[in-house]
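Among the features that TrEMBL reports, active site is placed at Cys67, His102, Ser119. The annotation region 'Disordered' is assigned in TrEMBL to 198-263. Residues or ranges marked as compositional bias 'Basic and acidic residues' in TrEMBL: 235-249.
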Amino acid sequence: QIPIPSVPVFQPSTPIPERLEAVQRYIRELQYNHTGTQFFEIKKSRPLTGLMDLAKEMTKEALPIKCLEAVILGIYLTNNMTTLDRFPISFKTHFSGNYFRHIVLGVNFGGRYGALGISRREELMYKAPVFRTLSELIFDFEEAYRRCWHTLKKVKLGHCVSHDPHSVEQIEWKRSILDLDKLTREDFRKELERHARDMRLKIGKGTGPPSPTKDRKKDVSSPQRGQASPHRRNSRGDRRPSGEKKPADPKAMPDLNGYQIRV
């Protein structure tokens, strides 16, 4: 009987780098899918919550996976690491007249970049979070491709993925598309650092959904200051001395038919 890999479980005191190594070890134990048949259908347009349900199914089935499945699984297994930023990195390369595509999950912890994933090539998957900049990480992948006789043509970078497994937002897969044929080496590096800066700014602003309380306050319509209700408008100027009753004026009575009691 084929052993089923165990999903890693962490203690609160386990350092993030050790957790990443355990997650990568689990992904590697599932093995790369060489069959030519993809066992799990992944639609990139699905909301995050749907993709996380699919990742949970992957852990139950424990079937071989490919690079896109490894990215979804990596997101699922790192959701509780709230100090870790995750974002997709896609590569397009050229070799022997053909184009090839690959994707990994970029990670950033404590200002150091790394990656999780799976590939036929050992050097095109896991990268420990030791790279000082995003450009250093991408250049390391480029060098790994060069050793495999591949020429890097395009790099697509997504934005940080939410840690909420029930989020209905979609993963932003290609926020920045960098064509190496149109960029100088220095421009390529600058674009990578610009993307890294944009991710830091987005995280710093806290782009979470607005709280229900704020939305509820906006929806409740109340009289504006200065738009006094008919009761108040009629009562101030028409006050009479004590004991003197004002005759009922049908025209002065407010029309209450248009008012509703709000709960």
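Every residue, even glycine, has its Cβ placed from backbone N, Cα and C.
Listed in sequence order, the residues of the same chain lying 6 or more apart from His102 (active site) and placing their CB within less than 8 Å of its CB are Cys67, Ser90, Phe91, Thr93, Ser119, Leu124.
Neighbour density at the Cβ, taken as the number of other Cβ atoms within 10 Å, is lowest among the active-site residues Cys67, Ser119 for Ser119.
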